[in-house]
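Worksheet for the structure shown next.
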DNA sequence: CAGGTTGGTAATTAATCACTCACTTCCGCT
DNA sequence: AGCGGAAGTGAGTGATTAATTACCAACCTG
């Protein structure tokens with residue numbers, strides 16, 4: 001189902017902005033334009049980046065950009081759309097297969113998931129940054145992120161949690177969506193603190209840090225004198 | 001100590017950009033310029049906002065902006081600096097007094113802290129958004145956020161956790177900074193999901209949601225069949 | 001009321017912006 | 001070989017940009 005909605009959205013954007021997404025043929029110069037655009041957009045932001053600076057960095061005439069992408073915003077969307085689908089699909093599909101065919105305890109599965117999701121984020125960081133920032137200013141991108149990325153990831157996690165609850169691996173006295181939010185929050189918080197406070201908030205090697213994080217997530221931070229609330 | 005460093009930074013910025021921060025006297029028109037700038041910067045981003053549109057929204061001649069703030073960036077910093085100090089100080093000072101003179105259990109203290117920190121974020125959301133986005137592109141702002149906001153908040157939380165660990169309220173087999181990261185992560189995750197997935201990720205009234213979040217934080221999400229890792 | 005400071009502005013500036021046009025070059029196809 | 005369309009470009013376009021100028025009016029202060 002999400003597959004269909006996603007294609008609808010892509011099709012809508014393509015029509016709205018006159019993008020030609022059908023031909024996958026990209027010339028060398030087009031590749032260089034996209035690469036230069038990723039760098040300059042992520043360094044200066046969409047509005048702060050000039051098409052002339054992108055052309056210069058790509059070693060291409062400015063008119064070439066407009067030949068292929070019609071407008072500056074068209075160029076942006078040509079970056080964003082493939083990046084979204086390339087991040088969404090692995091986020092959704094990989095955990096499913098990975099989890100369904102193992103019987104490892106959560107204490108091992110979760111840090112593994114965190115680890116390769118973080119690798120994905122690191123590899124695509126520039127693109128992700130562009131998408132996050134521009135989703136604040138461009139409604140089409142915001143809607144795509146909300147409806148075609150965040151929602152789908154979240155629902156996928158909720159579904160997994162639900163199954164785990166039935167197996168007794170997760171507490172059943174908390175709603176599945178609260179548990180899902182907790183799992184995602186701890187991962188997000190790890191990434192954020194690792195990037196803005198590298199030496200304060202992440203002091204050991206990543207494996208150790210992730211297993212501590214998982215331990216806190218699974219069994220909480222309360223000490224012996226803090227009594228459990230009755231739900 | 002953080003007080004001194006903060007003032008140093010403000011002084012440095014003021015000198016670097018020729019800002020006059022000494023005179024607190026603001027005329028009516030200056031107030032309207034700042035207000036218009038907050039709205040337009042947060043809607044279009046710094047680069048996307050034109051000084052002429054700010055002037056128009058403020059009902060002021062464009063030259064008036066430059067009379068007072070010298071450059072467009074000067075105007076930005078005149079927004080950012082007071083906003084930073086107005087967010088930093090309550091974030092740091094309020095929890096200390098609030099916690100030191102109560103003996104409530106963490107199960108009550110933590111949701112209260114989350115709640116009024118969230119109120120603070122909501123009230124200052126436009127300014128916070130500007131600061132976060134521009135810290136990606138403007139090194140001075142990034143450094144201020146890292147060194148004068150994030151670090152200080154983080155260290156404050158670590159200090160609290162340390163004290164709680166000695167009282168037995170928090171597990172002692174996890175490093176204090178990991179616990180602090182967990183507390184901040186759950187709060188951040190709550191705010192983020194509440195804003196991008198309002199109806200999926202936050203379904204009940206805020207009080208209930210916060211107490212569930214706290215419960216997950218304090219006692220974990222693991223079920224009876226997930227055994228505790230030996231640390 | 002002379003003299004200086006401050007708040008405010010209309011008009012203008014040079015630079016830069018996204019984008020277009022007329023044109024050439026390249027390449028696959030028959 | 002040669003045609004046709006796509007790829008690519010140099011030289012601009014008008015509009016908009018941040019910032020400056022030169023100037024006015026209202027204020028204190030002595």
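Any Cβ shown, glycine's included, is placed from N, Cα and C.
Keep in mind that TrEMBL annotations are predicted by a computer and have not been checked by a curator.
According to TrEMBL, the DNA-binding region annotation covers A:50-69. Counting only same-chain residues 6+ beyond the ends of the DNA-binding region (A:50-69), those with a CB under 8 A from a CB of the stretch are 19, 29-30, 32-33, 35-37, 39-40, 75, 78.
Secondary structure of the domain 'HTH tetR-type' (A:27-87) per DSSP (helix as H, G, I; strand as E, B; remaining residues coil): 49 helix, 0 strand, 12 coil. According to TrEMBL, the feature domain 'HTH tetR-type' maps to A:27-87.
The average per-residue pLDDT of the prediction over the DNA-binding region (A:50-69) is 96, rounded to a whole number.
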